[in-house]
Amino acid sequence: MAPMGIRLSPLGVAVFCLLGLGVLYHLYSGFLAGRFSLFGLSSEPGGGAAGPAAAADGGTVDLREMLAVSVLAAVRGGDEVRRVRESNVLHEKSKGKTREGAEDKMTSGDVLSNRKMFYLLKTAFPSVQINTEEHVDAADQEVILWDHKIPEDILKEVTTPKEVPAESVTVWIDPLDATQEYTEDLRKYVTTMVCVAVNGKPVLGVIHKPFSEYTAWAMVDGGSNVKARSSYNEKTPRIVVSRSHSGMVRQVALQTFGNQTTIIPAGGAGYKVLALLDVPDKSQEKADLYIHVTYIKKWDICAGNAILKALGGHMTTLSGEEISYTGSDGIEGGLLASIRMNHQALVRKLPDLEKTGHK
């Protein structure tokens with residue numbers, strides 16, 4: 001007899017044991033399901049690349065679609081840039097000083113363009129990493145939808161989808177390149193830019209000129225709507241450089257290439273890359289090389305790097321190193337960009353230029 005005079009029923013004991021086994025089964029099966037999902041072994045519908053494991057890491061994105069959205073984002077941002085400039089109410093302020101001691105300016109054009117570009121890309125591709133020059137305020141969040149239409153000029157060049165893992169993608173946005181020149185109403189230098197890097201390598205680039213409404217785009221191993229010029233002068237090149245330190249480059253360039261070398265001071269990294277290409281814009285100056293000797297941010301150069309790479313050109317540090325578009329948002333080693341030239345020979349001709357930029 002049980003203690004306290006309680007008699008145990010065999011049926012009750014059996015029911016109790018069954019309930020206990022049921023609880024243990026439920027807990028254990030949930031644990032296994034979680035373990036299997038980590039390794040992509042779930043048997044839910046749509047498993048594999050599109051199943052729960054893929055959802056956890058963002059799945060894949062189509063670079064052709066990303067190109068279409070990037071072009072649209074650059075144009076939408078450019079509309080804001082143009083609208084603010086034409087209103088002549090810029091709300092200009094300083095974010096601080098650059099490393100060279102100049103004012104790092106910001107305007108309503110930067111902020112509004114950034115908002116349109118960032119949220120269009122983020123809504124279309126929520127699982128990709130997006131780096132942008134300006135701060136994104138959650139209070140200003142917008143849902144800007146893409147209609148999923150790919151323009152005919154892109155479909156003509158990029159005939160099939162090109163999917164890559166979303167986790168391998170980093171997007172770099174420059175919502176208003178050449179802000180200093182923008183405040184001075186030097187409109188030809190101003191661009192909006194989007195770049196898509198895969199595993200740190202630039203593969204999509206878009207450079208849009210809001211005031212002439214010209215857009216250049218290219219995809220590495222895909223296609224482009226812009227091309228290189230037919231010839232370049234490698235012996236006595238025209239070199240496009242930053243307006244802020246043109247004298248610094250001039251001295252070394254004349255020593256390297258001779259007195260016939262022409263230095264073109266210009267604003268905006270996007271404008272300088274377009275100077276190397278065959279661009280149907282009368283306000284666009286032409287150059288053979290683009291040289292930069294000081295620290296520069298990756299959102300300034302990624303789009304141009306992708307376009308040059310797609311066309312067979314090169315953009316490296318002054319020492320010839322490829323630029324990785326992951327990690328930190330800037331590079332220290334200066335910049336050399338060329339197309340249809342012996343790039344490494346040019347690197348060897350400029351051994352002291354990086355040191356000059358750090359004096």
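Every residue, even glycine, has its Cβ placed from backbone N, Cα and C.
TrEMBL does not curate its annotations; it predicts them automatically.
Look at TrEMBL and you will find 6-28 tagged as transmembrane segment. Sequence annotations record features per position, and here TrEMBL assigns region 'Disordered' to 86-106. Positions annotated as Mg(2+) binding site by TrEMBL: GLU133, ASP174, LEU176, ASP177, ASP300.
Shown on the structure are the features that TrEMBL records.
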| residue | record | Cβ within 10 Å |
| --- | --- | --- |
| GLU133 | Mg(2+) binding site | 22 |
| ASP174 | Mg(2+) binding site | 33 |
| LEU176 | Mg(2+) binding site | 31 |
| ASP177 | Mg(2+) binding site | 30 |
| ASP300 | Mg(2+) binding site | 26 |
Any further residue of that chain within 8 Å (Cβ to the Cβ centroid of GLU133, ASP174, LEU176, ASP177, ASP300) of the recorded Mg(2+) site: ILE173, PRO175, ALA178, THR179, THR191, THR192, MET193, GLY268, ALA269, GLY270, LYS297, TRP299
